[in-house]
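Worksheet: the structure to be examined is printed underneath.
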């Protein structure tokens, strides 16, 4: 890393000033105890093995990036399963006359009311006059749709709304299904976060993928609404954990200089999955076939089992040094490099150390979720990360849900709302390594919120202008959504990265349970959900400014390093737009961690 030489020279200057004292300290320092306490840090090693060499490119392009696609499929295919066609009460007596649906609707139900029908004996009326001569009378009594509904199948021919009769008094049911999907998210993201740090990234990913596929197949063959809702809850258990795990694997494989690049790549592949979903839903209009097509093909991902390695960072943090050594040897060989002799020696020293049974249990179990809030600085960072993530994810997902409701073509609107994310990622990438994470995150969220709020000033018939403002808001919030993942991953130490991201995503996922009901309000007032989401976005963006900058810094490895990271953050730092290199690395960088 670019900050290591200056740090190293600083220590060397101190050593030259006090050579005798330093030599005496080295003679009396127990070498094995030092090795036991020092974390094995890859941030110093990866630059010597290539931070983004052939090994990382193969794994990321062929495995980690495609692994991001199932998340979008599972999260948003439901929008096209629960589409609501134009509908009205069924009047069987009028169907026997053989006239068109339009005529039956004009005669049998009150104008503009889809949930009432005229309570008259049409059989008796038809005995005295033809259907074309019957003129509805507003004084006729009405009743509920006691014999079901008719649907206009010219545009929407297949939907759970049609198959399960989810209209009128049951119109809220599709929203309940979406809430069920999001209710599974907080549970699953925390559970898989714990598994991620407990059993490893690899096993957690394939377990998560298996749950998603099972839920998708259950969705396909659901005979009624409640079975369908349970299947969506099962799918929701994997959202967004199915995206987070390959992202963490990719982030931990590369050096610090490529974190932003890998983050942009994973987000672009996720968005390409949404674009692919838009195409699938356009050409496959049967909701059951679509559910199958957006879940079953991911069974092929299990062929990755033999190819995907465990994260060497996680293995080192867990003390599984032999396994980490094998992976690092392979990484070095694939990149045409060789592990430094000093690093090999350090690995051997760690392997030779005898641990007591209690130490082994501690190393195996690792710190729990309570470590996120035990110390003041970690507690503050965890609170701010979670608050920002809550606002960010709530607005991003809410806008994604709202896309098909805007404009004149739901497929085109969803496609545009997905495509607009790609330029936002590229623009964000251009500033992330120059301005850091904090200010781009805050500016994007505030701008997105303002664009949403402005829609309340537009006339009700300004559909196109509302869509344009919506797309601009989606552009900005997508950029901030790109930042929040690496930002949180860089702020949490390696020992807590999985459980930390899982805990923050768990709490933020609670907001997603409410989002479907906020979107449902748009049936009465189109811009109301946009205004609510806009306010949330502005509040979250302003709160993010208090988090410490992570650009030009090393990833903290242990809980102790996580507490020290950004501990001396001041108000002046909070208002600083351009981060200063090496601002927080002094306390984290030690000359013993460099493998020259």
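Here, residue 1 is simply the first one shown, and the rest follow in order.
Cβ coordinates come from backbone N, Cα and C, glycine included.
Automatic, uncurated: that is what TrEMBL annotation is.
Of the listed segments 344-367, 464-487, TrEMBL assigns transmembrane segment to 464-487. Looking at the domain 'Major facilitator superfamily (MFS) profile' (116-552) alone, the prediction's average pLDDT is 86. The stretches the transmembrane segment (58-76) and the transmembrane segment (204-221) are in mutual contact, each linked to the other by at least three Cβ pairs under 8 Å (pairs 6 or more apart in sequence). Per-stretch counts of Cβ pairs under 8 Å to the transmembrane segment (384-405) identify 499-520 as the leading one among 204-221, 261-283, 499-520. Simply put, out of 171-192, 289-308, 439-458, 464-487, 499-520, 289-308 has the most Cβ pairs sitting under 8 Å from the transmembrane segment (204-221). Under 8 Å from some Cβ of the transmembrane segment (464-487) lie the Cβ atoms of residues 244, 247, 251, 259-260, 263-264, 266-267, 271, 385, 388-389, 392-393, 395-396, 399-400, 402-403, 406-407, 413, 416-417, 420-421, 423-425, 427-429, 432, 437-438, 440-441, 444-445, 447-449, 451-452, 454-455, 458, 501, 526-527, 530, 534, 537, 541, 547, 550, all in the same chain and six or more residues away from its ends. Panel annotation: around the transmembrane segment (499-520), residues 172, 175-176, 178-179, 182-183, 185-187, 189-194, 196-197, 240-241, 244, 248, 368-369, 372, 382, 385-386, 389-394, 397-398, 401-402, 405, 485, 488-489, 492, 529, 532-533 of the same chain, lying at least six beyond its termini, place a Cβ under 8 Å from a Cβ of the stretch. Among the stretches 171-192, 261-283, 289-308, the one making the largest number of Cβ pairs under 8 Å with the transmembrane segment (233-254) is 171-192.
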